[in-house]
Amino acid sequence: MIVCWGFLLVEALLLVEINVGLRRMRGKNEDESELEVISIRTMAQETLGDWGGALATITYVFLGYTSMIAYSSKSGEILFHLVNLPESVSSCLFTTIFTMLISVGGTRATDQVNQWLTASMIGLLLAIEVIAVAFGGWSGLEGSGDWGKVPATIPVMIFALVYHDLAPVLCAYLGGDLKRLRASVLLGSIVPLLALLVWDAIALGLSAQAGQVVDPVELLMSERWSGVSYLVEVFSLLAVATSLIGTLLGFLEFFKEQLKNFSRDSKPTRTLQVNVFLPPRFLTLPHSGYLPAQVLLSIKSSLIRSVEQNAKILQEPIGMGGWWARNKISFTAMAMAVAPTLVVSTIVPDAFSAATDIAVSPCKDAKQRHTRN
């Protein structure tokens, strides 16, 4: 698991370097009111060419939808156990709540909610681990394990530790600050690594105590104190929520960038002429006269930016039409990301197992042992 974590860490740091490099080339800055995300597709296209961008897009969209379906379906299953709400209704409600949080609340509000959910999840995990240790579920480094079965579990470990779909959003959110980005990636990846290492030690201890390979979660939930089952279910729901937020946020920003690029390419561009605002002779003085050429060019560039901004303000519609014009890309991206997810998770029985199986690997035996909760 530590090897998988190290591989994913290096991969994430490389993605951050590429993204920040492209942001600097394009002049993106952290003072922009709206996040300007450079997606995985753009990164691959700029570094690997059009074929690389197309392959990255197909792979990213496929894995994104399967992950979203898995999270949505699992949330319905957990809520059914907790509040006895039908799985199809609870999964739609759960996914819709977090979709509206991201779409209406924005990235900063989503970040605050995610921090609260993550802190609660870590607290519950610590409580569950303490209870498991109290039941004798701790083997440390002495647990009985079968190293021959490790290769089959590698895809599961990678799926549990992966966070790379959020890298473009993180780069935009932190304004391309490499120092903060490296620290965020490193510290943010260490927390789940430590939690999983402790849980693995507990799982091995519980299996040894039972004398056979068992699901440690089912073993804990079968204990006398019924409160354990509620702790496990709530922890699982929080884990799904935080995973859904990260995947959905990256997915929405991905579709928004593609829609913006399509809208930009489909509109004819107009060249603004600013020479009319100043006497022609004043602007065409080369290296002598009233002002140096560099100053004249600077003045001309400032005028162009001012005219473009004023023209943009004047062309913006008002009322409901203006609101839709400003938000149509966001809502279209939201529909593209969420609608297929809700349809599949609602009409396909056991969508969680099927989607997780596709997203992780064809190793069905490993998936059944490790991704049930």
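Backbone N, Cα and C atoms are what each Cβ position is placed from, and that goes for glycine too.
Annotation comment: TrEMBL describes 6-22, 51-72, 78-104, 116-138, 150-173, 185-208, 228-255 as transmembrane segment.
Taking residue pairs at least 6 apart in sequence, the transmembrane segment (150-173) and the transmembrane segment (6-22) share three or more C-beta contacts under 8 angstroms. When Cβ-Cβ distances under 8 Å to the transmembrane segment (51-72) are tallied for each of 78-104, 116-138, 150-173, 185-208, the top count falls to 78-104.
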